[in-house]
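Participant: Have a look at this one.
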Amino acid sequence: MIEEEAALRNGSRGLPPGPWAETAGPRPRTTERRITVHKRLVLGFAVSILALLAVTMIAVLLSVRFEECGSAAVGPPRAGGNGSLSGASWQPPGAGQSPGRSAEEARDREAAEEEEEEEEEWQRRQELPPWARPRLPRHLRPLHYNLMLSAFMENFTFSGEVNVQLEVRNASRYIVLHAHRMHIEAVRVAEDKLAGGVRVARTFFYPQTQMFVVVLNRSLEVQRSYNLKIIYNALIENELLGFFRSSYVLHGERRFLGVTQFSPTHARKAFPCFDEPIYKATFKISIRHQATYLSLSNMPVETSVFEEDGWVTDHFSQTPLMSTYYLAWAVCNFTYRETVTKSGVVVRLYARPDAIRRGSGDYALNITRRLIEFYEDYFKVPYSLPKLDLLAVPKHPYAAMENWGLSVFVEQRILLDPGISSILYLLDVTMVIVHELCHQWFGDLVTPVWWEDVWLKEGFAHYFEFVGTDYLYPGWNMEKQRFLTDVLHEVMLLDGLASSHPVSQEVQQASDIDRVFDWIAYKKGAALIRMLANFMGHSVFQIGLQ
């Protein structure tokens, strides 16, 4: 034990004397040589593997470079102006390629190179190109749209031709507008109908902002008017946005209809346009469809042209200045009932033939006539259009949409049988109709510049739900009583949460727009307007609105 401790103090492995000590002597030198040889073998093997990897990487890089050189020489298909491929498949030189196709591929390569150069130029300026920004550039203003559509309900597609009259505010060689989920067939730009065209260098989509860019060979001149013509086609969607389809069953037969929902940013799915509220313009719409259908739009039909093959083209009157989001049209085989206001406004309710036959829309039709007369007297501003159509559809993303002259409702919010429906259901239908009719003034006639102030139109419409219902049913005291429980008290609870926000919200991107349509905008906006009316006095408030 003492010898073991002494050995430990000396730093050796000190084993006690005994039979084990003899075997634990110094390591033989032959063993050390063998370990050294093994290390060298492992090191050599690792070096060989690294060399093999390096040779492989060099070979791969050389092959890729060789393929790129070959591709540049042959010219494989590249993305064209509308995003489609200019060729169906890659072929070696001379394998069925015509001289015209080779020239087209050369132009595509040249256009792609120019696009890359322009993007590099914007990067050098440390600026985003106009099509990469969330809002449209301000150098152009649309004055008038002439839109011609052909709806093919048998395969749920449509084709269109839009002619946009543009006013140039600042010189630019770019025309940037919205377009999404469509195929562009042709683009033409002309200074006017008599002068020659302005050559289009190329066109392309920018999906990140849902914009379509027309690049010209020269800049557009300031304070001049130009015509932009675009021919395109797209699908009648099945997603309840844009130009979409719906269906119903009548006598065991499924029937289809097409209708639009453009608010807030879905007009760009139906036609290329400047899809922001500030860009108000006039619209002249023509719709070609099978004679078994009828078509509706914001304005009444001006003329109808019947063709021998069973098709008809309806030409609608020109609209007043309006934004794209409440433009509307429909292709359906509904029937209608009609009434007329004291000022001569024709009011029609379109619905499924069996619903019209049962009189399910009579209540909505009658109160609509009375409400138009009420609003005209209250605001001292006459209804701006010669007609108002109420369209009851089986499916819709919202309870209703206030399209100017063609308001669309889901059936459950406009059709009822007064002899069967409950008072609560009748009240619900009444308030929805009152809300949408108020939008014919607040929202359609007068429109917020941008979506951050959507509370102005929705707050007024929500407040007048109670004012208008009081006009129809004075004994219900909606504005004095029901408003407090359904709006004021409820929104005060919401506004007390940490997640609350001001009624006016900043909106930077299109994806932010939907979130501003919440109860803060509707109910808090309505509560603020009601507070202002009560503070000023209703008579003074009414005069101020007028």
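Just so you know, the numbers here start at 1 and follow the chain as drawn.
Backbone N, Cα and C atoms are what each Cβ position is placed from, and that goes for glycine too.
Annotations per TrEMBL:
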ACT_SITE  Glu436  active site, proton acceptor
BINDING   His435, His439, Glu458  Zn(2+) binding site
COMPBIAS  111-121  compositional bias 'Acidic residues'
DOMAIN    142-326  domain 'Aminopeptidase N-like N-terminal'
SITE      Tyr522  site 'Transition state stabilizer'
Participant: At the level of the C-alpha atoms, what whole-angstrom distance separates the residue listed as 'active site, proton acceptor' and Tyr522 (site 'Transition state stabilizer')?
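Facilitator: Cα to Cα, the residue listed as 'active site, proton acceptor' and Tyr522 (site 'Transition state stabilizer') are separated by 13 Å.
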Participant: In angstrom units, rounded to an integer, how far apart are the Cα atoms of Tyr522 (site 'Transition state stabilizer') and His435 (Zn(2+) binding site)?
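Facilitator: Answer for this pair: 11 Å between alpha carbons.
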Participant: 10 Å Cβ neighbour count around Tyr522 (site 'Transition state stabilizer')?
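Facilitator: Tyr522 (site 'Transition state stabilizer') is surrounded by 22 other Cβ atoms within 10 Å.
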Participant: Enumerate same-chain residues with a sequence separation of six or more from His435 (Zn(2+) binding site) and a Cβ-Cβ distance below 8 A; give 'none' if the list is empty.
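Facilitator: Long-range Cβ contacts: Ala400, Ala461, His462, Phe464, Glu465.
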Participant: Measure from the Cβ of the residue listed as 'active site, proton acceptor' and count the other Cβ atoms within 10 Å, all protein chains considered.
Facilitator: 25
Participant: Report the residues of the chain - excluding His435, His439, Glu458 - with C-beta within 8 Å of the mean position of the site's C-beta atoms, for the recorded Zn(2+) site, in sequence order.
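Facilitator: Apart from the listed residues, the neighbours are Glu402, Glu436, Cys438, Phe442, Gly443, Lys457, Phe460, Ala461, His462.
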Participant: Long-range neighbours only, meaning 6 or more apart in sequence with Cβ under 8 Å: which ones does His439 (Zn(2+) binding site) have?
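Facilitator: Once residues fewer than 6 apart are set aside, His439 (Zn(2+) binding site) is near Glu402, Lys457, Ala461.
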